[in-house]
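**Student:** Under the heading compositional bias 'Basic and acidic residues', Swiss-Prot lists 40-62, 161-193. The region 'Disordered' annotation in Swiss-Prot covers 40-90, 157-201, 355-374. Residues or ranges marked as compositional bias 'Acidic residues' in Swiss-Prot: 63-77. The coiled coil annotation in Swiss-Prot covers 87-121. The feature DNA-binding region is assigned by Swiss-Prot to 229-295. The feature compositional bias 'Polar residues' is assigned by Swiss-Prot to 363-374.
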Amino acid sequence: MGFDFSTSKSKAKRQKRIEVRFASPLMGIDLSLKLEAEEKKKEIEGSKHSRENKEDEEHDASGDEDEQMVKEDEDDSSSLGLRTREEENEREELLQLQIQMESVKEENTRLRKLVEQTLEDYRHLEMKFPVIDKTKKMDLEMFLGVQGKRCVDITSKARKRGAERSPSMEREIGLSLSLEKKQKQEESKEAVQSHHQRYNSSSLDMNMPRIISSSQGNRKARVSVRARCETATMNDGCQWRKYGQKTAKGNPCPRAYYRCTVAPGCPVRKQVQRCLEDMSILITTYEGTHNHPLPVGATAMASTASTSPFLLLDSSDNLSHPSYYQTPQAIDSSLITYPQNSSYNNRTIRSLNFDGPSRGDHVSSSQNRLNWMM
């Protein structure tokens with residue numbers, strides 16, 4: 001059996017229509033009121049839903065704004081933190097720079113004090129230097145026996161000595177101390193030999209040239225010769241052997257000591273030293289009297305030296321001539337010229353007279369030039 005639902009539904013609709021037609025007008029009013037109430041409810045519910053949606057939207061919007069505000073606050077706080085850190089770093093750098101500036105200022109003050117101290121020391125030394133220089137000059141004058149006008153400029157001469165000093169001379173300076181003792185022994189031997197020599201002098205040949213003493217107080221004959229010479233010694237015609245050397249006070253150039261070896265037991269000694277004022281001048285001092293005939297090359301100069309005990313020679317041939325038997329008692333200008341040609345006859349001698357061997361004003365003799373023949 002089959003059930004027809006469509007017919008049943010149509011029947012139900014028909015019945016409702018019939019009921020509606022025969023219903024009273026009051027029933028129609030009630031139905032309309034119900035419909036209106038339902039519509040109002042729906043409207044109210046819709047308005048509520050719309051309000052709720054609006055509130056939700058507003059709430060969401062406010063939440064977004066709050067989040068944005070929070071984010072902005074966080075950004076502001078982070079930026080403030082960065083600014084504070086940068087400011088702190090800048091402050092630390094400024095403090096370090098200030099500390100460095102203070103240390104530099106302290107160093108500058110120290111350096112200024114040192115500079116001021118050095119300037120004061122320099123001024124004191126500059127004030128003391130002339131006094132020291134004067135005292136040195138006075139000591140040198142007392143040592144050389146020179147008065148008044150014979151002042152020596154220590155500074156300029158020291159520079160010249162340093163420039164003109166040869167390496168051999170510098171090597172010889174170091175031997176001075178070890179040879180002083182030997183020199184004293186030689187001087188004692190010389191005193192004994194001179195004592196014997198005085199007794200034997202009468203038996204010697206009268207034609208043999210003798211050495212004239214430069215002062216009456218000395219026992220030995222002593223003659224001083226100054227010659228311009230570049231070598232360590234000048235060739236004076238005799239044979240010599242070096243036995244000592246030392247540096248004298250007031251003259252940095254060493255003084256060399258020689259003895260005559262022409263004959264055994266000859267008491268003649270010579271001392272050789274550079275001049276303090278002019279390093280090109282070689283000062284030779286001869287002491288004693290030869291106990292043998294002189295060589296041919298030495299006789300002429302021996303006779304010349306006997307007439308003028310203090311001589312300055314200016315020779316272009318480095319004094320290949322003769323013998324001189326002397327050292328400087330007083331140092332100053334006397335001049336003999338020797339041309340290279342040995343046959344040249346005219347010689348000029350300018351001699352000086354002195355009051356003593358170690359002191360004196362330099363007074364020229366009345367006969368300044370003596371002409372003599374070879």
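Glycine too: its Cβ is placed from the backbone N, Cα and C atoms.
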**Student:** Tally the residues of the compositional bias 'Acidic residues' (63-77) by DSSP class, grouping H, G and I as helix, E and B as strand, and everything else as coil.
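**Tutor:** For the compositional bias 'Acidic residues' (63-77), the helix, strand and coil counts are 15 helix, 0 strand, 0 coil.
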**Student:** Tally the residues of the compositional bias 'Basic and acidic residues' (40-62) by DSSP class, grouping H, G and I as helix, E and B as strand, and everything else as coil.
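**Tutor:** Helix (H, G, I), strand (E, B), coil: 23 helix, 0 strand, 0 coil.
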